[in-house]
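Q: Just passing along the structure, written as structure tokens.
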Amino acid sequence: MEATEQPSTQPEIVVEAGHKRKSIDDSEDLEQQVQDQVKTKETKPKQPRQKRVKGRLENDFRDKNDISNAEYIVENGLRTVKPYFFEYRAYAKGRWMQRSLINVFTEEFQDRNEKYYRHAMETGLITVNGEKTSPDHIVKNNDVLGHKIHRHEPVVTGKPIEIVHRSDDLIVINKPGGIPIHPAGRYRHNTVIHVMRKELEIDRLFPANRLDRPTSGLMLIGLNSDRARQLEAEMTGGFIQKEYVCRVVGEFPEEEIVCEEPLKTISYKLSLNYVHQDGKASKTIFKRLSYNGKTSVVWCRPRSGRTHQIRVHLRYLGYPIANDPIYGNGLPWSDLIQKGQTLNDESAEKVVQKVMEVATFPEGMWEDIEDKDGVKEIKPRCEECGIVLTPDPSKKELFIWLHAWKYAGKDWAYETALPDWAEESFTE
């Protein structure tokens, strides 16, 4: 769910990477579903046991390595991946089971419409367990759904990924805002992990922490799974101190502010979170660093790790991040989230519905040509697959003023230089 260029009072929310209604998640970001524990009464001949490699079947489709095929173009501050043919493959998720194949695709993945999906199933572009099947097929546990497409990844920032530290088992980077970390949804090669694997010629990388796509700052990336798990355990146990900086609307109070409001995901589809009466315990400490007469630079220390925690707590306090396209001011749903307001299920649903009203979904190759004011509007389309080609966002739309500044463990500490927008002399 990211913004593309629109007037400031009516931002366009795009439902895409990492959420529930979009392209099938990329194979590298999928976890195999729990094996079916219900034994069927029908007796079946025993099959030779397949060899597993560290919990996965040998030659598992998720281990496919096509990094060498990625062709990057960096210009005008943006990174583009040359479109390529690709087959999404994913194990059936729990919520898909006992639903028809056509229902799963039309309800879960809205980058194309039902007319396209029926065509793709009839022609074998969409498969189950590698075989062409009917739209009425009932999805079962362990089914592998496939979808062959000509893949157009969204553009990301063209800023380089700075290496802050490198050792035998760890790389610490300064992630630029405007690029996702790992493959998910519409993103595969245009991700931190794939860019680094190609540039550094490394087969596998293991991120130990996560940052939202528009957020910049420190990331700890293990060169082996053991190191990544060790760091993840330290973070989960509260042994790593994290410090962020952000720029917020208005004059933030000079004194230290502690926000302990509970947070809940009110829409997984939109990855929308807010303070909710049934939320999970959360805590963030804030302290103003500077004020330029319009906006304030604020130091943040999250003491828990909820999704969008800093952004939501700042919105709740009445000082949202100044360029936040979701929790900022002046949005169509802003009036539904007042300063100091705790949502319940009813008020949360109103917010979600309002966001959905202005949400857009990527257009597919089977969309009808628009009729605007009686004039047929013919949109540019890809010559290979016919998908509508959408304009690139501007560079400033790709990031927000939130930066992971300092991380410190028991016997180590890393930090980055402050972004230019965090300097006291910065003006909007």
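Every residue, even glycine, has its Cβ placed from backbone N, Cα and C.
Here TrEMBL flags 1-11 as compositional bias 'Polar residues'. If you look up TrEMBL, you'll see 1-60 marked as region 'Disordered'. TrEMBL lists 169-315 with the feature domain 'Pseudouridine synthase RsuA/RluA-like'. The active site annotation in TrEMBL covers ASP212.
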Q: Given a separation of at least six residues and a C-beta threshold under 8 Å, show me what packs close to ASP212 (active site) in the same chain.
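A: Correct list: HIS308, LEU402.
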Q: Could you give the number of helix, strand and coil residues in the domain 'Pseudouridine synthase RsuA/RluA-like' (169-315) as assigned by DSSP?
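A: For that range the per-state counts are 28 helix, 56 strand, 63 coil.
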Q: To what whole number does the mean pLDDT across the domain 'Pseudouridine synthase RsuA/RluA-like' (169-315) round?
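A: Looking only at the domain 'Pseudouridine synthase RsuA/RluA-like' (169-315), pLDDT averages out to 96.
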